[in-house]
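This report refers to the structure that appears directly beneath it.
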Amino acid sequence: MSNKFVITWDNMQMYTRQLAEKLLPADQWKGIIAVSRGGLVPAAILARELNIRHVDTVCISSYDHDHQREMKVLKQADGDGEGFIVIDDLVDTGGTAELIRAMYPKAKFVTVCAKPAGKHFIDDYVVDIAQDTWIEQPWDMAVTFVDPISKK
């Protein structure tokens, strides 16, 4: 993927707060299931904004930085998802989302970002991303010095 969409820490918080507004009233939720690792930061923000204390994880390995590979469930939360929000950072081709949907059919499944190929697996999201665009998450980046374009 040659196109990149960079999400800063500030943007991640802003986008996830927008998602939290869509999940009101908060008292309808028993808890949050974060899809590890991409859903961990959004889950923490949702937990704060919706005052939810019960946070669990489902751990699925499907990426090596920017290359998708075979999915493997490493850990899962109990139940069918009833009364729970399942959160991930994004839905891309829908492979992980399809598995999550099968595991937690009664959950409200949301992501911060969504690409066209996977949108139909989730219930809500905030940011539309083109299918050919790689998303750079803030936890995958560091601030570093860059030389000026023109040195005098």
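The backbone N, Cα and C atoms fix where each Cβ goes, glycine too.
As given in Swiss-Prot:
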- Arg37, Gly38, Arg69, Asp88, Asp89, Leu90, Val91, Asp92, Thr93, Gly94, Gly95, Thr96: 5-phospho-alpha-D-ribose 1-diphosphate binding site (BINDING)
- Arg69, Asp92, Thr93, Gly94, Gly95, Thr96, Trp134, Ile135: GMP binding site (BINDING)
- Asp89: Mg(2+) binding site (BINDING)
- Asp92, Ile135: guanine binding site (BINDING)
- Asp92, Ile135: xanthine binding site (BINDING)
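Cβ crowding, taken as the number of other Cβ atoms within 10 Å, peaks at Val91 among the binding-site residues Val91, Ile135. Taking CA atoms as the reference points, Gly95 (5-phospho-alpha-D-ribose 1-diphosphate binding site) and Trp134 (GMP binding site) are 16 Å apart.
Sequence-distant neighbours of Arg37 (5-phospho-alpha-D-ribose 1-diphosphate binding site) (same chain, 6+ apart, CB under 8 A from its CB) are Trp139. According to DSSP, Ile135 (GMP binding site) is assigned to a strand segment. With every protein chain in view, the residue among the binding-site residues Thr93, Thr96 whose Cβ has the most Cβ partners within 10 Å turns out to be Thr96. Taken residue by residue with DSSP, Gly95 (5-phospho-alpha-D-ribose 1-diphosphate binding site) is part of a helix.
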